[in-house]
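Taken straight from Swiss-Prot:
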- 29-41: compositional bias 'Acidic residues' (COMPBIAS)
- 95-199: domain 'PH' (DOMAIN)
- 237-399: domain 'MyTH4' (DOMAIN)
- Ser30: phosphoserine (MOD_RES)
- Arg636: omega-N-methylarginine (MOD_RES)
Amino acid sequence: MPLPGGLWWLLCCRRGFTLLHRDYGDGELSGDGDEDEDDETFELRSPSPAGGGRGSLDVTLTQPTRNGPITDRLQSWEETWSLIPDKGLPEDDPDVIVKGWLYREPRGGGARPWLLPRRAWFVLTRDSLDQFSSSGKGARRLGSLVLTSLCSVTGPERRPKETGLWSVTVSGRKHSIRLCSPRQAEAERWGVALREVIASKAPLETPTQLLLRDIQESGGDPEAVALIYRRNPILRHTSSALYAPLLPLPYEVSAPGPGYAPLREEAVRLFLALQALEGARRPGPLMQGVLQTCRDLPALQDELFLQLAKQTSGPAGPPGLPATQDPAALRYWQLLTCMSCTFRPGGAVRGHLLGHLERTEQALPDSELAEYARFIRKALGRTRGRELVPSLAEISALSRRQELLCTVHCPGAGACPVSIDSHTTAGEVARELVGRLGLARSRNAFALYEQRGAQERALAGGTLVADVLTSLTSEEVGLEDSPDSGWRLCLRLHGPLHPEGLSPEGHELPFLFEQAHALLLRGRPPPPDDTLRALAALRLQSLHRDFSPRGPLPLLDRLMPPPAPPREQPSRPARRPPPSAALLAGALWSPGLAKRRAERARRIGTGRSTESTAQVGGGGGGSTTAAVLGGWKRLRGMGQAEAMAAYLALAAQCPGFGAARYDVLELSTEPGGGAPQKLCLGLGAKAMSLSRPGESEPIHSVSYGHVAACQLIGPHTLALRVGDSQLLLQSPQVEEIMELVNAYLANPSPERPCSSSGPPSQDLSDTSPPSQHQVLEKPQGQSGCLRQLQD
């Protein structure tokens, strides 16, 4: 008959205590449980209370007595506590930091409604957290938790559905203790004290860290390094499971994130995932999952670097590496390549990894593994951290040590393919395209933009293009059925437009011409009607040369932006001025300018809404077509380059040309200034403005000449210094805003009112007579022509 499981466990523990008797006393502990154990004593050395001498403190190891025929052998937990010496009264211990009565959860985990928490006397010292049955002398010890630098504390938190008490959880290597108190202040006091004790502990080092130090110290001796690898299997490739992490990770009970286990358990799971790579039919998704885990749990990044260094060392250590012809043997190197292009290892791990790569290159200089080692070393020197893990396409390219192909659309030049890697920035791509198009000496600045339908966003110069491609690809997969799911990268004008001195033979003139047209079609606010008709005539002249009655009539929707639908403005109560009103009032931020713009926009909007109504009715749409065609006829003889230059000069005078809008939060600079206010920041060619969401008219505006400085003061906070005052704005796009504002500040332009006429387009002054708005509602015999345009 087999022995019960509990009895086997008891015998093993008893044998273990017998073998380790030297750690607990000087006497010989017998394994038979005779009466000699009841008289066993040993001496603890402690400072003498009198002077600096050392006295002795006798501690007796007592065994509980039992009556009846049952065995006198101790239960496991009783024998464990019998080997822990009693320190005497907690009040007499000078190392006590905090003590008091607290509730503790019963054994077996969380509290249950039918089992109430029990009170215990807790004592916190600089080495452990002990609990006793009472606060008096000779109290029985109920438990103890040794505190190290890896212990963690969570809370205080309240659990109304369980105990209704405030709890603080202390996690150790084997178990955790949850301290409960009905008062939040007391729970916070214990939490702070526990964290201070843990923070004061010296960092623990794992055996792997000690071996890494030995390898670093003997790095110049290959034989010594090889000997360390041969004697320590923890550093070599293995097909067995890993039961503990290689680096010291904190003990935790709660998961660090949704869907994850505690860190130490996740480290073991990562090693299992690495071993699964050898037989995976599609290793790409598995690699991406491992990278995403390290992205969500940064504490595991160095752990994974060490695990990969272990698995790429070969079963016998360097230079005994696995066969390079086996595809499964290369997958560890491929994942290490992806890791080196995504994360930056820590100091000690980085040094060990670089040494491991160097030894691999020296052992097999002409092998494929040496090529991977050289690629990884270069990547480690350039990697600065990624916002997103590589996509499947990037993982496939990195596994072959190849570059990615990125397509950038350039107005007037088509699609330009650009080769990038995991470290290429948007600024580098923009500079390469500017050099290709011959725009290096241009006065205009250009940048890379992310465009999706009618929405576009400037990319900061330091943005990694690989991260942008990954985010756009993932969003496109999630929006397959959306009409705006199409996206692309484009090179665009970034900052003020300088149309002067453009060469008719270069690429810059058609590049800016096509871009200006695309910007005007999405302009906010749209230019006046007379300017739109003049621009449409100039575009027709540049595309089709002189007007011909036999040619097809152009479509207005490709020449002019669609009219905005009429919107009624409901009556609103008077608002309290925003915090920026007092800051930016007077000469810097002019409310009078906003009023004039609002009145002008009201007149323009009324005229355009009337025209839109007339076009819907079918009576007055021909007036716009007739005006555009009339202006086109008067441009007979103008060359293509001349028409493009006139188009750019006229477009540059429009206040809404190239304007960018950003959603920002305005922060008050005064203490107690109130909650942040949601506003829209508009950056135009001549000035910047602040407006409320949903409104096209600004509440305040200021020219760039009054902006003294623009700088970052936080991760998402931008400071604009206007005169002697400061404006604080928060936005996730602060880097783009700062680059655009600094581009405008570096290229000041004289303030001038917007006009539909200018030196390059003086012959267009008759294309839109002043009485045009009065005759829009009257049919002018062009309904057939308009019908032909719509067809």
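Heads up, the Cβ atoms here are built off N, Cα and C, so glycines get one too.
The model shown is predicted, which means the values in this text are computed figures rather than measured ones.
Residue counts of the domain 'PH' (95-199) by helix, strand and coil are 16 helix, 46 strand, 43 coil (DSSP-based).
Confidence for the domain 'PH' (95-199), expressed as mean pLDDT, is 83. According to DSSP, the residue listed as 'omega-N-methylarginine' sits in a coil region rather than a helix or strand. Within 10 Å of the C-beta atom of Arg636 (omega-N-methylarginine) sit 10 other C-beta atoms, taking all shown protein chains into account.
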